[in-house]
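The structure under discussion appears below in the form of structure tokens.
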Amino acid sequence: DIQMTQSPSTLSASVGDRVTITCRASQSINTWLAWYQQKPGKAPKLLMYKASSLESGVPSRFIGSGSGTEFTLTISSLQPDDFATYYCQQYNSDSKMFGQGTKVEVKGTVAAPSVFIFPPSDEQLKSGTASVVCLLNNFYPREAKVQWKVDNALQSGNSQESVTEQDSKDSTYSLSSTLTLSKADYEKHKVYACEVTHQGLSSPVTKSFNRGEC
């Protein structure tokens, strides 16, 4: 199969900026390349085909170029409607592989997260499961690291993260990390803590609670 590699994976920009996304094919695909734009909850929209041909109705600020193995999509002057995820797709072979996507996000100012920790509810514990939630609110940029510690022992493999779409008003993100344990495991330990590292924090922030005291 022909593999498609896009870069960068995220691009932070402001309205009016000129931005360029690169797509590389693992072998020559001539000009059999399409570009798509996708917004959350919507189907992908075709922007460009045959590497540089604009789909009908697509604004001329979108410019495609390249052939063989290297291609670019340039937006000459970024508009508010252009903040979305962009994908390249080769259609030289039957596999019609897509690139992994490039998210064009609003360039914000660095903002540290507000961090909260929530123990499992009594209702949930009755069902035999315990979920501890660490919530990070209103931060930028999107990269944030959450580490769970139970009685000071680092946890791995038993938590899941979910990040919101970028807030249209203040350009920030929010994130929830959920540590899931059995009720029996939960009741074997006392101190539950989440440690958060982010560019906006001069040092990691830890929020914790003692089981049975909250």
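Placement of Cβ uses the backbone N, Cα and C atoms for every residue, glycine included.
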Cysteine paired with CYS134, where Swiss-Prot records a disulfide bond, from CYS88, CYS194: CYS194
DSSP helix/strand/coil residue counts for the domain 'Ig-like 1' (2-99): 3 helix, 47 strand, 48 coil
Inter-residue Cα distance where the pair is CYS23 (disulfide bond) and CYS134 (disulfide bond), in Å: 36
